[in-house]
Amino acid sequence: MSTDIKFAITGVPTPPSSNGAVPLRRELRDLQQNYPEQFNLYLLGLRDFQGLDEAKLDSYYQVAGIHGMPFKPWAGVPSDTDWSQPGSSGFGGYCTHSSILFITWHRPYLALYEQALYASVQAVAQKFPVEGGLRAKYVAAAKDFRAPYFDWASQPPKGTLAFPESLSSRTIQVVDVDGKTKSINNPLHRFTFHPVNPSPGDFSAAWSRYPSTVRYPNRLTGASRDERIAPILANELASLRNNVSLLLLSYKDFDAFSYNRWDPNTNPGDFGSLEDVHNEIHDRTGGNGHMSSLEVSAFDPLFWLHHVNVDRLWSIWQDLNPNSFMTPRPAPYSTFVAQEGESQSKSTPLEPFWDKSAANFWTSEQVKDSITFGYAYPETQKWKYSSVKEYQAAIRKSVTALYGSNVFANFVENVADRTPALKKPQATGEESKSTVSAAAAHAVELSGAKKVAEKVHNVFQHAEEKAQKPVVPVKDTKAESSTAAGMMIGLSIKRPSKLTASPGPIPESLKYLAPDGKYTDWIVNVRAQKHGLGQSFRVIVFLGEFNPDPETWDDEFNCVGRVSVLGRSAETQCGKCRKDNANGLIVSGTVPLTSALLQDIVGGELQSLKPEDVIPHLRANLKWKVALFNGDEYNLEEVPDLKVSVASTEVTIDEEGLPHYSRQYTVYPEITEGKPCGHGPEDHI
């Protein structure tokens, strides 16, 4: 294959250290609070990077365009195909979604982005005045700069939003290169095209209308509505944290962990994947904007923070499972550089990314360790430990600190945050009666969610009672549905001592639900044709009643979680997507249920996590809906190959509170049979 330019992807040049240490990619909020000079350089460097001539090979525009539109070869890989004509060949695009190469392909892609951003940061640092030591300070800070990540699954710092203000604010304060503090257009909020179509037809008519990237754009004006994101992330945070914890601590096979393609042999415990969770964040943060469409998502600055976090989660998982890597599989579709049916393996070239020699393309085997590109993460500083065992124990400790050790500990931490943007008031310390904070009360009034508040008071009051005596079954009194007006989560309000985490692995008031440290864990599995609707859509899962207006679904109290399907139209220029569509590619995802069931238990609506109690409860209360890219409801039974099922497995919690999953799953068609697209006894999982 001929190429015009062999652009070597090196990542950031990193001098070797005596102990193998490399600089860290840091969480965005950590970078902003604890490394202010690097954060300032990040903003200024990104601003300049985004301002580069769009014709420049390593410009922001060109690098983002590798991921989808404008569907042109990058660095001449290949150089002899006219991609302006969608029908000129069967190929299209480099990206490898729903394939075994999904997470490995994105690593050199991120290294290219980081390489270009780093160069911009270094140039900015040199522009500061020498006087007062300002230049020296910023040059020193720039040396170890690495691209940050946004950890969307961890609890936000107290008193802050689930979606950081640094990402949602249209302007932001910086110390500019003249040494003066000023307000600039926030380069983390949007990328402004200059112009939107450097070459005629680079973007479709639908995307050409936007001069800048947008999130949840207003249907009439096209204005970005970033304020929608924080309450949506907050409302489904418990499900998201449980999903990440499940993936990192339960999944042991790389193929199952990494990507979302479904086949008839998929185990009920393997419907989830890192790609599935990745899709959810694209959907939750983009709505009907750029992030929710893979063809244009890389132009949104959030894309890079999101994907660095995906890369981080892979690094964590890979170091916990060093002996598990990809199994060779046939390519499910054709791309610019791969024929359908060709074997994809750890030796498959990750085109268009040339290695450091510029003689060969990177392969998955070569990029397995992030240190290859000169970076690590706070959790993967392996050089600090004397043995693999000690290192892995430290990783697990970090995972449990960020995402919870087990579902019971997670529940105590998440119970007051699962509802939209802290509509649930939290109880105060040692008082015998719960009180509502002014902020939470205001949010409740704004959302009209007084019954939600009453229910959460009951959650705290019931917990100790249920530890002492059996629950008397009561009529379902699910909280009335509501929408969120407030966004603040994690306020510094003490929970009652009865529901705080105890030194043991399971909180005292919940131990009766896991005799001998064992309990039944529940999940909802969803599968559907990826491109069956010709657009992105989401399957939203509820446990209880909800408002029939789809505009409210993201904020519903009884919304448990979602599976997001990032589909494309049959007319897309993306060759692989056309192939996927023609072949009826099916993808899958998982929504954890156990945390929501625990809330119903302490709320007096469910007796235990045992099948004899959960089956009728789910049969009566489990519901799901489909919403399209623009938020409109879509008829469930018209979604090709949509199937929803419920499964469970036994989990044992060890003395340190870590869950050990049996991986033997039972499927319950009696829960979903007869419901629209519900799994029945004769259906294939």
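Keep in mind that glycine also has a Cβ here, set from the backbone N, Cα and C atoms.
For S2, the entry in Swiss-Prot reads N-acetylserine, with the evidence type experimental evidence.
Annotation comment: Swiss-Prot describes H67, H97, H106 as Cu cation A binding site. Classification of H67 (Cu cation A binding site) by DSSP places it in coil, neither helical nor stranded. Cβ contacts within 10 Å of H67 (Cu cation A binding site), excluding its own Cβ and spanning all protein chains shown: 21.
Annotation comment: Swiss-Prot describes H278, H282, H307 as Cu cation B binding site, evidence class similarity to another entry. According to DSSP, H282 (Cu cation B binding site) sits within a helical segment.
On the backbone, the CA of H67 (Cu cation A binding site) and the CA of H307 (Cu cation B binding site) stand 12 Å apart. Considering only the binding-site residues H278, H282, H307, the residues lying within 10 A of H106 (Cu cation A binding site) on a C-alpha to C-alpha basis are H307. Rounded to the nearest whole angstrom, the C-alpha distance between H97 (Cu cation A binding site) and H278 (Cu cation B binding site) is 11. In the three-state DSSP classification, H106 (Cu cation A binding site) falls within a helix. Packing around H278 (Cu cation B binding site) is summarised by its Cβ count: 23 other Cβ atoms lie within 10 angstroms of its Cβ, all protein chains included. Using the Cβ center of H67, H97, H106 for Cu cation A, the list of other same-chain residues with Cβ within 8 Å runs, in sequence order, C95, T96, F102, W105, Y109, L294, A298, H307. The binding-site residues under consideration are H97, H282. Their Cβ neighbour counts within 10 Å are lowest for H282.
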